[in-house]
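**Q** Found this in Swiss-Prot, in case it helps:
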- Arg29, Gln30, Ala31, Gly32, Arg33, Phe48, Asp79, Tyr155, Ser210, His330: substrate binding site (BINDING)
- Asp79: site 'Transition state stabilizer' (SITE)
Amino acid sequence: MSVAPLKNDVFLRALLREPVPYTPIWLMRQAGRYLPEYNATRARAGSFMGLAQNPDYACEVTLQPLARYPLDAAILFSDILTVPHAMGLGLDFAPGEGPRFAHPVRDESDVAKLAVPDMDSLRYVFDAVRTIRRELDGRVPLIGFAGSPWTIACYMAEGRGSDDYRLIKSMLYGRPDLLHRILEINAEATRHYLNAQIDAGAQAVMLFDSWGGVLADGLFQQFSLAYTRRVVEGLTREREGRRVPVIVFTKGGGQWLEEIAACGCDAVGLDWTVNLGAARRRVTDAVALQGNLDPMTLFGGAQAVRAEARRTLDAFGPVGKGGHVFNLGHGISQYSPPEVVSELVDEVHTYSRALHAG
């Protein structure tokens with residue numbers, strides 16, 4: 001596939017801690033339910049899976065936030081649970097309930113059935129990547145993504161989201177051998193999955209370790225970070241003559257920043273509970289940092305959003321050699337006012353230009 005030259009590479013350069021004229025911004029879940037146009041497209045698709053498995057619809061919703069806001073990156077519209085769905089677990093999104101699996105993995109016989117899926121069963125994702133790259137026409141880079149081996153294992157064992165992670169932790173403490181087997185398969189599948197996204201045209205990739213923070217110290221390193229590192233070490237790191245940066249985001253992982261930064265990634269995502277300046281000192285500019293505005297700030301109105309954006313940028317400190325990508329500390333809420341997002345993007349671009357020029 002012939003691709004257009006990249007017109008705005010500020011996001012990629014920031015991830016590699018190269019000089020940039022301003023701090024780039026994109027938002028986790030930027031293509032989502034807070035946008036009326038997303039909801040209209042989802043209604044046409046008939047269901048979440050109908051949306052995610054149709055490359056044209058996936059492309060349409062991926063591009064919707066870029067039509068509204070001058071964001072510095074697009075992120076593939078998909079879901080972290082596509083990989084276990086391809087393993088045969090039967091993913092479904094029930095209205096008002098979120099994702100659930102028809103065939104959760106809870107005992108030895110379930111684990112014995114697991115295998116790395118044929119990537120051809122995920123072709124709709126890679127077709128979407130190619131379609132989005134074509135339609136972006138070099139406007140901004142495209143981010144591919146996957147869930148971390150631990151996070152998707154949580155969903156696989158629980159069968160849905162969880163408040164206490166009782167089932168996955170029962171396996172962790174009672175049959176760690178089974179959990180390690182699941183994680184080995186997940187890591188191998190995720191490596192293949194992200195590399196296929198890169199081959200299809202993703203210019204950066206992100207690993208969402210959404211539930212790493214529910215683990216105790218010591219267990220995080222053993223059951224989450226070790227398998228995240230395994231994925232990162234197996235990724236294609238150069239394509240189209242450029243490095244393909246890797247971002248790792250562990251929600252609730254603030255106490256392990258130094259260890260996460262050493263896993264081989266180019267950038268570490270931060271949730272809103274972490275002091276950005278302190279995080280930068282802890283990782284000593286060895287990696288870029290992404291984040292970390294509290295998503296609930298968007299409900300405080302334009303003035304509060306602009307003030308908090310400036311505070312976040314100031315917290316990072318002198319731009320120097322440190323790379324910073326502005327983002328929320330978690331995904332944007334479906335109830336966020338779209339007009340306030342405009343205020344956020346404008347403030348980040350305007351205020352950070354002055355910081356970088358100074």
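Just so you know, glycine gets a Cβ as well, placed from its N, Cα and C.
Note that this is a predicted model, so its numbers are computed, not measured.
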**Q** Let me know the largest Cα to Cα distance in Å among the substrate-binding residues Arg29, Gln30, Ala31, Gly32, Arg33, Phe48, Asp79, Tyr155, Ser210, His330, as an integer.
**A** 23
**Q** Near Ser210 (substrate binding site), which residues of its own chain have a C-beta under 8 A away, given they sit six or more steps off in sequence?
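**A** Spatial neighbours, sequence-distant, of Ser210 (substrate binding site): Ile80, Gly147, Ser148, Thr151, Phe249, Lys251.
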**Q** Using all protein chains shown, find which of the binding-site residues Arg29, Arg33 scores highest when you count other CB atoms within 10 A of its CB.
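**A** The residue with the most neighbouring Cβ atoms within 10 Å is Arg29.
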**Q** Do you know which of the binding-site residues Ala31, Asp79 has the most other C-beta atoms within 10 angstroms of its C-beta?
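**A** The largest 10 Å Cβ neighbour count belongs to Ala31.
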